[in-house]
Every structure is written in C-alpha cells, then in structure tokens.
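Note sheet for the following structure.
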Amino acid sequence: MTEIRRLRILITNDDGIKAKGISLLISLLREADFADLYIVAPLEEQSGRSMAFSLVEPTTLEPFDYPQRVQEAWAVTGTPVDCVKLAIGELFKENALDLILSGINNGKNSGRCLYYSATVGAIREANLHGIPAIALSQSENIAFFQEAHMASLIRSLCEFTVAYKHTDPLGLNVNFPASTDDSPWKGIRFTLSGNEFLFGIPRLVRTEGNRRYYTLYDMRDKVSEEFSEEYLALANNYISAAPLVSKNTPRATLSEEELAFLKDSFEQSVLWKASLNLEEDLA
C-alpha cells in the first residue's frame, strides 16, 4: 500500500500569533491529522494592512513557544505578507510548502473587504509565489465559530485546493456565518465575491492643540440593491467559499468555462466530503 504523503502547511493570520482564531485552526488541523504544521504569524495585530510589507524598517523573526504541538512556530514583528515572504524566502526555501492558510480571522472578509484584508493579503502573496492558499474568516466574532464537523471540512478544503490544477494556484476566501440564534450551519456554498463592503466612519477621538485624533473603526455595511451569492449564503447560515481568481477580484484569470469547471469540481469534492447537512436552495 502506498503511503499518502502528509502535506506541509504554513499557518499565518492578521490577528496575531496569540489570537483565538489561529489556535482554533491548529486544533482542527491536529484533529484531522493529515499535515505537518508550521506557524509564522505576526507578534501583534495587523488587521486592515492588506498586502503591506516592511519595505523601509527591518522586521524581526524569532522562535515562538506555541502552546499547541506544531513542527515550528515563529513570531514576526511585521505584517502577514512579511510572514509569508519570510517563510517562503528564508525559513522553508529548501523544503517547499504545499499550502498556506490564513486565519481564522475574528470578523468576516467578504465582498470588497478582501481588498483591505491582511488575512486575504497573505494568501494573495502565497499565490504570487505559486503556492495555493486559503483565507478563513468568522463573521462578527470568533465566538460564533462552530467546531462540529469543521475538522473534516477544513481537511477537504485543503486537499481540494492543493489538488486543483490551473495556470495559477488556487486561492480560496472562506467565510463562516454568524448564527446569532445558535442554529447549526447549513453547509457550504461555492460563491463569487460580492460587491458589498465595510466602510469606516471617521470619528474624532480627541484633540491636542491643532492635532486631531480619529478612528475609522466604526464600520458600516454598504450593500448593492441586488445581493451577491456570497452575501446571501452568509445571511442564510451557509459557509461561503469564493475563489480569488474570478471576477470582482484583483486577479480575474478564469474564463467562464474554467470557473464553471472549478465550481463543479468543488461541489463534487468538498461538498461531498464534508459531514454537513446540505440543503438545495438558499432560504
């Protein structure tokens, strides 16, 4: 019998190496037990940094004593893109990575918010280096994350993303819905990224002489008159999975035929493997 090779997976995020979301992801990956895990993540929160990286000031890299068992863990005084660059170009340049995961983010990264997201920025960087990658984000708050069945789903997402063959490596943007009434998630939907986005309302915090201090953290949803597939999936308690190589994304490299093939492949592979209660229509 041929032994199945374990994947080499890098995990990063933008909430910081001590965040709850990355710990949840490590737990699920360890439960699924199909990969060797390597963490390279920011020491501090880097939300909203998109694909920013340390161009002028040097960044530091040091071993981190992670509380869960992984192959290696490193903390970076920089952005998620810094983490990916250091992982690929320095730490693992002699032993290639199979996949990069970013998350689980505390808050959704759907619609056009993916332009701002440092969670998504990390997987874009991975794709630029020819490595498939998945961004994972929990709507509203990480406390809404439902762990039941997620180890098998995460594994099937990882294996599908690595196995998918195209001119460009696959990048998936996965968002988990916030079920405020604690009802179980209905399943997972392959969607396209929507046009919805969050925008910050400038709020004056204080003034010191002529200097004013503002925050843009007061975020509001802006939606189109016609809701996107992604928006409807999340609103109806489905997990959404949107490719980052389709329309409404910075790298629209898939033709309509290729996109249809990707969707069919996803539904035959990931949806079939995941132990979830799938329904036919969005309610």
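Using N, Cα and C of the backbone, Cβ positions are placed for all residues, glycine too.
Look at Swiss-Prot and you will find D14, D15, S47, N105 tagged as divalent metal cation binding site, backed by sequence analysis. Around D15 (divalent metal cation binding site), a 10 Å sphere centred on its CB holds 24 further CB atoms from the protein chains shown. Mapped onto three states, the DSSP output places D15 (divalent metal cation binding site) in coil.
N105 (divalent metal cation binding site) falls within a strand when secondary structure is assigned with DSSP. With respect to Cβ neighbours within 10 Å, the binding-site residues D14, S47, N105 differ, and S47 shows the lowest count.
Summary of the divalent metal cation site environment: with the site residues D14, D15, S47, N105 set aside, the chain residues having Cβ atoms within 8 Å of the Cβ mean position are N13, G16, A19, G21, E45, Q46, P80, G103, N106, G107, S117, A118, T119.
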